[in-house]
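According to TrEMBL:
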| type | residues | note |
| --- | --- | --- |
| DNA_BIND | 29-48 | DNA-binding region |
| DOMAIN | 6-66 | domain 'HTH tetR-type' |
C-alpha cells in the first residue's frame, strides 16, 4: 500500500478514535473529522462511504485482532474448552481500551455479535458438523456472548477472578459439546 494512503488511513482512524472517545458515533461528522485530520472531505470519501462505514471497518479490525491474538487457535479442541476460553478472555482484555471506545453507546452489542460470528466461522472450519447443529450454535453463542456481557456487567472484577469464573462455567458446559 502506498505510504501516503497508509498515513491518511492512520490519521483518519486516530482522529476518529479521539472523537469517538468524547462523543457518540451519531454526533461525529465527516467535516469535523476531516478538519482535525487535516484532510479534504473528498479524501475521506475515497476511503470510506461515511462515518458508519469507518466505524464498522474499525470494529471488524478489532475483532480480527482479538481472534488473531489467540495463541494456537487452530489447535484447540472440544477437549480443552477452558483453555480456549482463557485465551479468548485474555485476547479480549488486551484490547479493552479500544473496545471501550469503539463499542460504546448504541454500538455496545456489536462486539458480542461480531465475536460470535467470527469465532463460529473458525470453529465451524474445524468442526463442520457444528454448523448445522442448532444446539451447538446456541451453546457457542451463549459462551461467547455470555462472556462478553459478563465482563461488561462486572467491570470491577480482577482479571484472574473473571477468567477463572468463566473457565469454571465453560467446564460445566463441556458435556454439552
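Note: Cβ is positioned from N, Cα and C throughout, glycine not excepted.
Each residue in the domain 'HTH tetR-type' (6-66) gets a DSSP state, and the totals come to 51 helix, 0 strand, 10 coil. When pLDDT is averaged over the domain 'HTH tetR-type' (6-66), the result is 97.
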